[in-house]
Amino acid sequence: MGTGTGGDDSLYPIAVLIDELRNEDVQLRLNSIKKLSTIALALGVERTRTELLPFLTDTIYDEDEVLLALAEQLGSFTVLVGGPEFVHCLLPPLESLATVEETVVRDKAVESLRKISQEHSPVDLEVHFVPLVKRLASGDWFTSRTSACGLFGVCYPRVSSTVKAEIRQHFRTLCSDDTPMVRRAASSKLGEFAKVLELDYVKSDIIPLFTALASDEQDSVRLLAVEAGVSIAALLPQEDLEDLVMPTLRQAAEDKSWRVRYMVADKFSELQKAVGPEITKNDLVPAFQNLLKDCEAEVRTAAANKVKGEVLPEDSRETIIMTHILPCVKELVSDTNQHVKSALASVIMGLSTILGKDNTVEHLLPLFLVQLKDEYPEVRLNIISNLDCVNEVIGIRQLSQSLLPAIVELAEDAKWRVRLAIIEYMPLLAGQLGVEFFDEKLNSLCMAWLIDHVYAIREAATCNLMKLVEKFGAEWAQNTIVPKVLGMANDSNYLHRMTTLFCINALSEVCGQEITTKHMLPVVLKMSTDQVANVRFNVARCLQKIGPVLDSSALQAEVKPVLEKLATDQDMDVKYFALEAISGMYLFNLPTYIFSETFSFSSILFFFFSFSLSP
Amino acid sequence: METPTKLPPSSPSSPTTGFSVPSAEKVDGFPRRSMRRARQRRSHSSSQFRYQSSQVELTPLPLLKDAPVAELHDLFCKKLQQCCVLFDFLDCVADLKGKEIKRAALNELVESVATSRGVLIEPLYPEAIKMISVNIFRTLPPSENPEFDPEEDEPALEASWPHLQLVYEFFLRFLESPDFQPSLAKRYVDQKFVLQLLELFDSEDPREREYLKTILHRVYGKLLGLRAYIRKQINNIFLRFIYETERFNGVAELLEILGSIINGFALPLKSEHKQFLVRVLIPLHTAKSLSIFHAQLAYCVVQFMEKDATVTEHIIRGLLRYWPKTCTQKEVMFLGEIEEILDVIEPSQFIRVQEPLFKQIAACISSPHFQVAERALYFWNNEYILSLIEENCQVILPLVFGTLYRVSKEHWNQTIISLIYNVLKTFMEMNSKLFDDLTSSYKVEKQNEIFRL
C-alpha cells in the first residue's frame, strides 16, 4: 500500500499508521494505536489536530480491543494537540467512542472525557464540553445516555448557573429513563453528582430522585441507590437526615429483593459513618439485627462481616453489642451456611477488645470454641488467624487452657492451611506457656510436623523449631529436639533426610558452635555419600550455610575434603553446589576458570529441580 | 398487525394433577432438552417466606363439583383465596395438612377451569390474578453456586414446586380457556405483571421456565396491548445479559418465544425490529454461554432472513465481526449457523457477502482444530451452497485456493486432508482452467518465496 509515497517525507508517519490501521491483523492495528502518541509527536500539534484526529474520528469502526486502546490514549493527548487551548479537538473521537456498545470501551472513553474535562477552560467547557454531554444525554440508543451519566459531575462545578440548571434537568430526565440500563447508570452516579451540587439543590433535586430510584421496579436500580444514599446522607445536616433519607434507607433494609438488602449490609459501616451515632443507635441497630437474621445467606454473610460496629458511639458501644448484637452472633455461630460462619469467624475475635475480659470469657470464649470445632476448615482457620486479639484481652494462659484441646486437634487437621496457621502460633504459645507445659503438650506435635507430607508444613515446622530454640535456649535444643532431628538422617525417605539438613540450616546458628560441630556436622558429612543426588547437593548447601558457625580447623580438616569430593560428583548439580560452597566460603583460592558459563546451564536446571521437589 | 405463529396448545409437563391430560395435548413444539436434565438433587427456597405472616389454619372446603350452581362462583372464589396462603417447603414436614388442602384446592381449580364452561366470570379475574401473583412472584434466591455453569451443573430446583406447578397449570388453563376474555384480563395482567413474569425467566429451575415460556406466549398472543411492551422488556433483559451481567437463565426460552414472534412480523419490517436484530440478536452471539441458547438464536436469525432478505448482509457481517477468536467450540457453532443461513440465502445477497465470508471460511479450514476445519469443509457437501460456489467460482476459488493447497500438504489430521482433496477435486471439475492457473501461480509464488529466503 503506497499511501505515503508522495514527495513529502513528513507524511510518512501518518501513512504508515494508516497502512497499519487498515491491516487485517488486529495485533498490528493494536500496536499502531498504542504508538499513537509517537506518531502525533512526529506530526506536530497542528497536523495532529487537522489530520490525525479527523482520520481517527472517521475510522472508528474496529475491534473493541483497538477502540479500547484508542479511548485510553486520547485521555492523555492534551499536550499532543497543543495544550489546554486545543483540548476540545479530542472531543469528537471520544464522543463516538462513548456511544459504542461494548461497556469497557465506553467506560474508558468516559474516563478519558472526565480526565480532559479538567483541562478545559470554563469557557471551553460551556462551548464544547457541555454540548457534547447534552448530545449524549439525549442520544437515541441507551449507550450514549449511559455514558452521559458519568459526565455531569465533572462539568457541573465549573459552569454558569444557567448551564447548571440545564445539567440538573438532563440528569433528572435520565433518572427516569425508559431503559433500566440508563437508570442503573444514573443511580450509580447519583451520589457523585450530589456531592458537587449546592446543598439546596441536593434537597430539592437529588432527594426526590433518590427516593424514586430507591423504589424503582428493578432491584438492580434500587441497590445502586443504596450506595448513593450513603453519599447523600453524608452531605446533609443531621436534622434533615430523619426526614429526607432515613425513610428510604429503612425501606431498603427491608426490601423484598435480597440483592438490595445485601447492599445495605455491605455498606453498613459507611452508612453508620454517614448518619452519625444517634441515628445509628436508634435506627440502624434494629435494622442490622434483621440483616443478621436475614433468610438469605448472602445477606447474613455481608452483615456478619460488620458485627464489630466500629462506628457505634464510644460510650454505648459495649451495651449495644452486648444486648442487641451478641444474641444474633450466638445464632450465627451455628448457621447452616459455611460462608456466613466463615465471615463471622474472621471478625468475631475483634469483639473481645470491645467487650473486655470478663465478657469475653463468659460470652465469647464458648463461641470461639464452637467455631474452632466447625466442620469447615475456613471457619477454623479464620479463628486461629485472629487469636492474637483475644490474647491481648484475656491473656495466653486462660486462652490456652480453654482453647488448647481444640488447637491440638487442629494441629492434625486434614487441611494443610489449617495446620500451617497453627504452626505459626506455636512460638507465641510456647513462649507464654513455658518449657514444661510445652514439652508435655506440644513438643510431639512440633516434631510430627517435620515429617508432614506437605512441603510447606515441613518448611514452616523447621522455621518453628528455630524460633522455639531462640526462646528455650541451646541446652533445651540439645536435649529435646536435636536428637530427633538427627535421627531422621537415617530415614528411608529422602525427603525426611533432607528435612534433617533443612533443620540444621535453621538451627546451627541458634544452637551455637559446640552443638553444631559436635553433633550436627558428623551427620551432615555422613550424608554426603547419600545415594540421592538431591540430598548430596543439599549437603553442599548445608555445609556452606553452617560454615560460619564452625571453626577453621573443622572447616579445613572435615568440611574441605568432603566438598572437594562432592565437586567431582557425577551429578552436575551436586558439582555445582559443591563448587558454589567452596567459593562462597573462600575455603581455597580457586582458579576463576572453574566458574565459566558451563555452570549457568546447571543452575537453570537446579531451578527446575527445586520447583519439582516441593510438593 | 403482526401475528405470532401458533404454538401448539400444551401442558409443558404432564402434571401429577388429579385429572389426566389428553395425550394429543402433550405434544409440544418445544424441545424437552432442559426437562431431561432436571434431576432432583438440591432444591432451594424463595425469599418470600420471611414475609409470610403467621400461618393461617386452612380448613377444607366442599368440593367444587358437589356445589350447587348458585354457589359455584362463590366457592371458586373462596378456593382462590385459600390458595393465596404460602407454605414453607424447605421444612418438608411443616404443616402437611395445610399443604395437602391447598394442593387439593389447586387441583380442583385447574380441573374446573380446564373442563367446565361458564366458570370464568368477571369478578373472578382479579381474584385469580391475585392468587397467581402471590404464588409465583417472588425474588429469586441467590444461586447456591456462584459459578453456576448451566451446561455442567445441576440446576437448583424450586422447593415449592408441588404447589407452584399447579398454580402455573391453573394460569395456563385460565389463559387457554374458551371463556377467557382478554378485554377483562388486561386490567389485571398489566405491564407491571408482565415485567415480574419476565424476571422469573431467570429461575434456575427448568420446569418453571418451561411453564413461563408457554404462558408468556399465550399472553403475547391474547393481550395485544402488551406486545410492544413485552418485546421492549425482552430487549432490556438481553442487553443487560450481554453487556452487564452475562447471567440470565431464561435466554433460550425467551428466544424461543421470539422465534415465533418474528415469524409473525408484518412486512416491510419496522425499523424497531431491524434494530432488534442488529443491536440485540447479533451481539447475543458474543455471550460466553452461547451453546445453551445457540439453536434458538440461530432459528431467530434465520427467521429474520426468511422474512426479509435485505437483512442478510447485516447478519453475515455481524457474525464475522463477532467471530470467536479462541473458542473453537463456539467457532463450530458459528459455522453451523452460517450453513443454516446459506441454506436459505438469496443468490443476490450471497454475492454481497461472499468475499469476507469466504476469507473467514478459509481461515477456519486452516484451523489446527480439526472439528473447526471439518465443519467448514462440510459446506461443500451442501448442494445449495455448492451451487452458489459454482456460480461465483471466479471470486471464491482464488480466495480459498492458497489455503486449501497449503492445508492439504500440512494438516495433521487425515480426515481433513481427504476432505480437502474432495473439495479441490470439486473445484477442478467446476473450472479446470481457473484451477490450473491458480495452481501454477501458486507454485511460482512459492518458488519466489524460497528464492527470497
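FYI, residue positions are counted from 1 along the chain as it appears here.
Note that Cβ sites are derived from N, Cα and C of the backbone, with glycine treated the same way.
So that you can see what the record holds, here are the features copied from TrEMBL:
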- A:87-271: domain 'Phosphatase 2A Regulatory Subunit A helical' (DOMAIN)
- A:13-51: repeat 'HEAT' (REPEAT)
- A:90-128: repeat 'HEAT' (REPEAT)
- A:167-205: repeat 'HEAT' (REPEAT)
- A:206-244: repeat 'HEAT' (REPEAT)
- A:245-283: repeat 'HEAT' (REPEAT)
- A:284-307: repeat 'HEAT' (REPEAT)
- A:325-363: repeat 'HEAT' (REPEAT)
- A:364-402: repeat 'HEAT' (REPEAT)
- A:403-441: repeat 'HEAT' (REPEAT)
- A:481-519: repeat 'HEAT' (REPEAT)
- A:520-558: repeat 'HEAT' (REPEAT)
- A:593-613: transmembrane segment (TRANSMEM)
Outside the repeat 'HEAT' (A:364-402), six or more residues from its ends: residues with CB under 8 Å to it: 329-330, 333-334, 338, 341-342, 344-346, 348-353, 355-357, 409-410, 413-415, 417-418, 421-422, 425, 428-429, 432-433
For the repeat 'HEAT' (A:245-283), distant same-chain residues with Cβ under 8 A (at least six beyond the ends): 207, 210-211, 214-215, 219-220, 222-227, 229-234, 236, 238, 290-291, 294-296, 298-299, 302-303, 306, 309-313, 316, 320
Helix, strand and coil totals (DSSP H, G, I; E, B; other) for the repeat 'HEAT' (A:90-128): 30 helix, 0 strand, 9 coil
Local confidence of the repeat 'HEAT' (A:364-402) - pLDDT mean: 76
